[in-house]
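Novice: TrEMBL feature annotations, pasted as is:
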- Glu361: active site, proton acceptor (ACT_SITE)
- 5-116: domain 'Acyl-CoA dehydrogenase/oxidase N-terminal' (DOMAIN)
- 121-214: domain 'Acyl-CoA oxidase/dehydrogenase middle' (DOMAIN)
- 226-376: domain 'Acyl-CoA dehydrogenase/oxidase C-terminal' (DOMAIN)
Amino acid sequence: SAGLTEEQKEFQKVALDFASKEMAPHMAEWDEKEVFPVETMRKAAQLGFGGIYVKPDVGGSGLSRLDTSIIFEALSTGCTSTTAYMSIHNMCVWMIDTFGNEEQRRRFCPSLCSMEKFASYCLTEPGSGSDAASLLTSAQRKGDTYVLNGSKAFISGGGDTDVYVVMCRTGGPGPKGISCLVLEKGTPGLSFGKKEKKVGWNSQPTRAVIFEDCVVPVGNRLGAEGQGFSIAMKGLNGGRINIASCSLGAAHASVLLAQEHLTVRKQFGEPLANNQYLQFRLAEMATRLVAARLMVRNAARALQEGREDAAVLCSMAKLFATDECFAICNQALQMHGGYGYLKDYAVQQFVRDIRVHQILEGTNEVMRMIVARNLLQG
C-alpha cells in the first residue's frame, strides 16, 4: 500500500477482505469442478467491482485506472482465474460506456455493472491471434442491420455470458475495415463450441463463439464503421494493465505461501528459513514483485492521464509483470518441493492460472514488438 491515498488503501482493504473470505476458500473447488462462480461475482459487483472504471451515471464506480489495478491485484490473491474474468468483463463494459451512444450505454451498462449480466470480448479468431488486424469474421450491411458470419476462438465466458463485444469486418482488408458490434445471447445464428479443457483458468469457461447469418441491428454498433480496431486496441491497453495486476496478486499470494512454508518446513534438523540460499531467493522474489508492481502502477497512471507514452508503458508493464510474476510463482512452487506439485497446495494453482497471462491480451512477444517499434520510430 506504499504511496497510496487513504481512499485507495480502503479500496485495497475491501478487496483483500473479499478475496480472503469469499474467494480463497473456494478457489480449489472452482478449479477442480470448473465452476463459474456467478453468485460470488455478483457479490463483488455489490462492492462496485462490476464496472470499476465505468461512469457512475450508468451504474459504474467511476474509479481511476490505478484504483482498478489495486483492486484487481487484491482480488487476485483469492482467485486469479475468477478475477481475470472480472477484468475482461470490466474492459467490455468500459468499451460500451466509452464508445457507445447514450441509448447503448443505458441499455447495456447498468445490468453489466451489477453483474446481473456478464460480458465477453470477441477479437481472437482461429486464424488470427497476434495478427488481429487480419480477422475474417464479416458483417455485411443490409438496410438497418448487419449479417454476421464467422467465428471467434478462446473466448472467456463464451456460452455462459450474456453480452458479446465483437470485432468484425465491415469494410476492406486491414485495421480500417473493422467495426465493433454488441450481440446479446439468444440472437438467432449465435452458437458456441465445446468447452475447452485448459491448464488453468478453470473457474471461467472458454469456448469458440460462432456466427451463422446472425442479424444484428445497426443500432448495436459501437462508434463509427471502421472504428472497431481502434476501440479494440484502446480496450486492450487497459486490459493489459488489468491482467498484469492479476499477475501481481498471484505473485503476492505465492510469496506469502513460500514465506510460511520456509518457516514451518524442517529439513536437516532446522527450518528451511535458516537456509541462506532460500533466504536470498525469497528476497529476490519480493524485490521483483515490488518492481513489477511499480511498473504496473506507473502505466496505470499514464493511461489515466491520457499520456502519449501510455500504450507503450502498458505493453512494458504487461510484459515485465506477467513474466516476472510467473517466475515468482514458479519459484514459490519449487520452494515447496514435492508438496508444491500437489493440488492440496494453492501454489500450484497460482502457477497454472498465471501462465496464460503471458499469452493473452497480446502475447509477450507482441509486447516486445510494440516497445521496439516505439523506440525505433522515436
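Glycine residues also receive a Cβ, built from the backbone N, Cα and C atoms like all the rest.
These figures come from a predicted structure and were not determined experimentally.
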Novice: Just to be sure I understand the packing, how many Cβ atoms besides its own are within 10 Å of the Cβ of the residue listed as 'active site, proton acceptor'?
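Specialist: Taking all protein chains shown, the residue listed as 'active site, proton acceptor' has 30 Cβ neighbours within 10 Å.
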Novice: Can you tell me how the residues of the domain 'Acyl-CoA dehydrogenase/oxidase N-terminal' (5-116) break down into helix, strand and coil by DSSP?
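Specialist: Breakdown, helix to coil: 84 helix, 0 strand, 28 coil.
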Novice: Taking only the residues in the domain 'Acyl-CoA dehydrogenase/oxidase N-terminal' (5-116), give me the average pLDDT of this model.
Specialist: 98
